[in-house]
Structure formats: structure tokens, C-alpha cells
Amino acid sequence: MPSAFQFQCHFVLIFLAALKGETRYLEVRDAGEDEPFLLLSEDLKRELSAGQIYRRSLRCIDMLSIEGQFTFTAEQPQLHCATFFIGDPEELITIDYDFVNIDCQGGDFLKVFDGWILKGEKFPSSLDHPLPTSQRYVDFCESGNIQRSIRSSQNVAMIFFRIHQPGNGFTVTVKKSANLFPCNVISQTPSGRFTMVIPHQHRNCSFSIIYPVVIKISDLILGHLNGLFLKKPSAGCAGVGDFVELLGGTGLDPSKMFPLADLCHSFHGSAQMKIGCDNTVLRMVSSGKHVNRVTFEYHQLDLQELENRKENSIEEFCFPSI
């Protein structure tokens, strides 16, 4: 049976693979916790293809993968609300406050978070994000007119809010811009191909896939030669400044996931692994001394692959949890 974490992530991700191109649209209707419903609107696709700005109301719990103007108006006290935003891997998200009518003194709040939070776990993790956690929150009740435009550091962001008085609310405009060197990414789809490049920067970058997957690394360029290790208590790349690691787990935060394998050397070829965890992360650690690059592809594990687990893989992990 799927885990509780997978149900949470289905709420914001599953079936995004069906939504392609500039006209894709995901709508999360009022649904039970374990039965999220997603709707692809053909009318919206025709509307956006005509160049119109998309506008709609927000629900208390919502997810957006498209640009437009969005308004929330409370019909009753709403105390635990959040909207998740996601773009393509090469996109950044900008959230502009157009109109805000909330009672900050009465306990209302409206906050933007640079990344995602689910069950207290953050993406990107505190180890991988360029800002300290305290600076990743922008509270409208504290900043007001000082900061009415917030841009994310990666392809995901979110707002969470509390509004007590019916009739109060806010309007935001969501825009996307190009990110030449995407670092931390949550995949919209259970399959794809991606190249991560870190050009002489001392930073860590994580690519998160919230599905059990087969992941195949086809090209890895690092600034040194050392070796490849499966994770063991006395082995790994801890003493190497530049390397790639594969992580698996049941939560969102890469720093809390189990390290599965380290790749410490450049190669052209194929290194494949089946990972049956709820969440798989490829993470590149870079010292800033070199231009590091890794190309990989991935697809969701199907039933046949689950049954033939010992074929053509470095190792297998997390299968007992499926």
C-alpha cells in the first residue's frame, strides 16, 4: 500500500506527467486526504493558447503549475491553508502581491516560503539552500509594502496563510523566469532526463523524484578521479570535495534520507540503480574548484521491474516498503 508520504505528494504531483507544454494545467478539487482528484482543463488550454492571462480563485489547499493571477477570499475562517507552486526544472517562480486584505493584528498571516514544506520537512534541505531557514520565509505582516515581490531559488515555492474574517483575502500574480543553472529541483513527472551543471560554485544541489524509480547515470564529469562506492559505514566519498550521491527515503528532506551510493569519479557509460523508496534524490556536492556535470534519466518502477529486481542494477533499496 502507498505510504502516507506518497498520499501527501500525490496531492501536489501525481499525474503531472500528463500535463505538457506551456498550456498545461493542474487543478486539485475538493477531495479526501487519500483520494486527490486532478483535472486537465481543455477550455483553459484553448484560452491560454490565445495569449490571455489566466485567472482563478484559490482553494484553501491548492497547487499551481501555471502562470496567472490568483485570488483567495475566505467564506469562513480558514486557519490551515497552503498553496504549492511548481515549475519546470529550468524555471524560477516569482510571486507578486497585487492586493492583500488580512487582519495581521487579529492573528491572520500570509507567508511565502522559498521551497516546500510537508510534515515539517523542507525541500531544499537547510544543507542545500543558499539562504538560512529564517530568511526563506517572507511574512507579509512583517514586510508589508517593503517586499511585495518574492522570487524562489528553485522550481518550487509555496504560500501558507490563515484568515479569520469572512470576506478577507488576497490576490497574487505568479510568473516564471529562466534559471540558467538549475540546482535544487522537484520533478513534476515520474520519468525524464536531466543534466545538472555546477560551474565553479561551492554548493550542493539535489534533484528529487517522489516516486520509486530506476535511475541511470550516463555521464559524470568531476574534477578528480577516485572511485565508486556503495555506502558502507567505512566507505564513501566523505573525504572528496566533489561527488554525487544517491539518497532514498520516505520524507521530503534530503538531509534526512538514507545514503545509498556515492560516485566519486568521472565516467562516460552507464550506472543504473533501482530504488523502491517513496522519494529518490540525486545530490551533487561541489567544492567550487571545478565545473561538475551529471546527466541522468529516470522512470517509475513498473510491476515487471519490481518482480525482476536482480537484473541489471548496482543494488536495490527500499523494496520492502512498497
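We number each residue from 1, going along the chain as drawn.
Glycine is treated like the rest: Cβ placed from N, Cα and C.
The disulfide bond recorded by TrEMBL for C141 reaches one of C104, C183; that cysteine is C104. Looking up C264 in TrEMBL gives a disulphide bond to a cysteine among C237, C277, identified as C237. In this model, the domain 'Corticotropin-releasing factor binding protein N-terminal' (52-177) carries an average pLDDT of 94.
In this structure the alpha carbons, written CA, of C60 (disulfide bond) and C141 (disulfide bond) are 19 Å apart. Between the CA atoms of C318 (disulfide bond) and C237 (disulfide bond) there is a gap of 22 Å, rounded to the nearest whole number. If you draw a 10 Å sphere around the CB of C277 (disulfide bond), it holds 26 other CB atoms from the protein chains shown.
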